[in-house]
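Record features, source TrEMBL:
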- A:Ala50, A:Gly51, A:Ala52, A:Gly53, A:Ser54, A:Gly55, A:Lys56, A:Thr57: ATP binding site (BINDING)
- A:29-319: domain 'UvrD-like helicase ATP-binding' (DOMAIN)
- A:320-631: domain 'UvrD-like helicase C-terminal' (DOMAIN)
- A:569-593: region 'Disordered' (REGION)
Amino acid sequence: MCGHWSAFYNRAMFSAITQQSPPDDLLLQHLNPEQRAAVTLPAEHALILAGAGSGKTRVLTTRIAWLLQTGQVTPGGVLAVTFTNKAAKEMMTRLSSMLPVNVRGMWIGTFHGLCNRFLRAHFKLANLPQSFQILDTQDQLSSIKRLYKQFGIDDERFPPKQMQWFIGGCKEDGLRPNMVEVRDEETRKKVEIYQLYEDQCQREGVVDFGELMLRSYEVLRDNDPIREHYQRRFRHILIDEFQDTNKLQYAWIKMLAGTGAHSTADDASFNPTGCVLAVGDDDQSIYAFRGARVGNMADFVREFKVKHQIKLEENFRSGSNILDSANELISYNTKRLGKNLRTAQGPGEPVRVFEATSDFAEAQWMVEEMRQLVREGMERKEVAVLYRSNAQSRVIETALFNAGIPYKVYGGLRFFERAEIKNALAYLRLLENPRDDTSFLRAVNFPPRGIGLRSLEQLQDVARASGCSLSDAVSGLGGKAGANIGAFLAGIDVLREQTSGMKLSEIVERVLEHSGLIQHYKADREGADRVENLEELVNAAESFVSLENFGRDAAALPVDEQGHALTQSPASQGLDLSQPVLDEPVPDLETGETQSPLAAFLSHAALEAGDNQAQAGQDAIQLMTVHSSKGLEFDCVFITGIEEGLFPHENSMSDRDGLEEERRLMYVAITRARKRLYLSHSQTRMLHGQTRYNPKSRFFDELPEAALKWITPKHQGFRADGATYSGANSQGYTGARGQFDINYSKFAAAPAPIQKAAPAHGLRAGMKVFHAKFGEGTVQTLEGTGDDARAQINFPRHGVKWLALSVAKLTPVP
DNA sequence: CGCGATCTGCTTTTT
DNA sequence: GCAGATCGCG
């Protein structure tokens, strides 16, 4: 997208709006036939099966651009939904580089972001205060724990975490407490707690993530004029990552598209049906554990009577060795819509496979390999290390750290989740909404001001007795406690007055000073980082304001031939300015009241937790779980710890669906690599404080031999089953490629003995055994032979253990 | 109230 | 094996 390109479109856009469309081949010229077909689909429901690396985002954005350019829809008539803020941002950036359109005026965002926007605009119908706050996962948990204290709920019998999961699950299924089917006493009690939680949230004027979705769904469902308004408005609905949608999200889409049970079309000339373009890949569905339903894809085809299905199967990312591996692996899954990736590139490099003797040796080997890669000119940020679970990163981090190689770990605490930031936000939220008890409790004694648990318990008693918020309860609390807390609240009130009318960043600055947070962290020897983060919060507030202005920037407007910004009239751009804009002050549709910038900033903080640890622009090795690698690509990828029990994970191995999801996870991991892919596993691994002996993953058996190249030193080249590696895999690393002539032998184990004899220990899976320390247990899995024989045994009292049979003294129990 | 000692539990994660 | 939560004492 160079200068003349956008200059052309600035003019083209204008003619597009007024007369019929200019040649659209500029938009379409770099697309392959499948992609072009997808972009230019008629205005009807359609499903696009987009394989990994098939240019999905590009198709989606070009589709929107094409619809706009050909005058089939106005910017206000587009609803585009993504799962992450990152994806939404990317879509907006790409779109504005294709067309001179004010993307911030369009409904492009995450499900939750769009629901937030919707609820802000219709807060009265939603029965929410205008300045309702959003609970993130942490807030939600502490809210539940508070509830437990208040009502004396047994947290042993109903662990708060499990309750949180239960509530989230109900909301994802669209179920209010009275709708949950109660079959046993346990569920009855859980539903009761769910109801109490709902009451508490409503009283405090807060909503959790699930509530954002559910509440906006209900507002649409129960208010005919509102629903019809949006149905009429959104002519084109585009959903990214459709395989990850849950039941409620699907119902929400259906509602907006006008095909739900509540659609009304009594006037024959009025067609309320927006057309839905769902883009997804069933093979990359890896979020079933949090409620995603791949089945939504099939349901969509059936319920929307989808006539157009397009498969994007050309992969522009990797060579055929990598793709063949991915294709072969995923072919072992049974429930598939069916899709096979192909590439116009050649075979590329073989997939390198390495067997390490320990997790430590595996990390060492990677370090050596990376050094070599960097020496050959590979950028570090183009190298990713993927693992199944976060616990695996430690040993890799240690190795990289000791080797002095810069690296970046994804997945830690994110900016707005850090304790000091949450503390500051609690004050800001109290300014907006004093009823927010979660924030009240967080701020009231931090920094410490002598308000102890005793006082707060008294306060909570008063609040419960009179059914009011904690801050309202202070007036009913006498004594020293009352005076202390009263002083705190008075301080908040003063702050609220002082900051009214201030610029957002000034408010934040003032709050940091007045709350004593800055002083507190400055006094702390270890507080330097936290002070820095708080200062960063001021910066975030500053740039948030300028981001709001972005939409009104001259740069985003069409420019005439002399380079003068042309005024964008709502009519010519099809922009409906009466509609709220994401993260901007939202006018109430009835009264025209607008939300304060602070409120918008707080929503932003809750909905977009920020980058993990943006070590700005440093060229570093990328470490992350397979899950967080989805949607990314790298020149070189290491997939580590590919062992039974780890990958596939033991908790997923019991049922078929779980195993298939693990396989899809592996598929996602493999397809991240552009040029080079390494797969590794280790004979031993430290996990949960004990050494485990994991056999290599079954996934190795599901990869095409011809695409692989075993680079483990030769003398290790024996499989656990005793067979030697054949063909291309037996050559080992030595001499095969000069550039990889690294001596791995220092990491190699003693040669593994070839054992073909039947196991002599006489144990079988399912047997009951007795262990002196762990008591009675059941044998789950048996591994290896002779001195290496080990068994996975489930001890009801001590959990699942791996025991070496040559060491552990086990007696069979009849 | 704050700090150290002890206990627990443990895939994956975005919003 | 380690982090995070909880407990109990000064």
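Glycine is no exception: its Cβ is also placed from the backbone N, Cα and C atoms.
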Residues near A:Lys56 (ATP binding site) by Cβ (under 8 Å) yet at least 6 apart in sequence within the same chain, in sequence order, are A:Ile48, A:Ala50, A:Asp240, A:Val279, A:Asp281, A:Leu312
In the chain carrying A:Gly55 (ATP binding site), residues 6 or more apart in sequence that have Cβ under 8 angstroms from it | A:Leu31, A:Gln35, A:Leu312, A:Phe316
Using a Cβ-Cβ cut-off under 8 angstroms and a sequence gap of six or more, which residues of the chain neighbour A:Gly53 (ATP binding site)?
-> A:Asn315, A:Phe316, A:Arg317, A:Ser318, A:Leu341, A:Glu633, A:Thr671
Counting across all protein chains shown, how many other Cβ atoms sit within 10 Å of the Cβ of A:Gly51 (ATP binding site)?
-> 24
Between A:Ala50, A:Ala52, which of the binding-site residues has the fewest other CB atoms within 10 angstroms in the structure shown?
-> A:Ala52
Give the sequence-ordered list of residues that share a chain with A:Thr57 (ATP binding site), lie 6 or more positions from it, and have CB atoms under 8 Å from its CB.
-> A:Ala87, A:Glu90, A:Met91, A:Arg94, A:Asp240
Long-range Cβ list for A:Ser54 (ATP binding site), cut-off under 8 Å, min separation 6+ in sequence, same chain only, gives A:Gln35, A:Leu312, A:Glu313, A:Glu314, A:Asn315, A:Phe316, A:Leu341
For the domain 'UvrD-like helicase C-terminal' (A:320-631), the mean pLDDT of the predicted model = 80
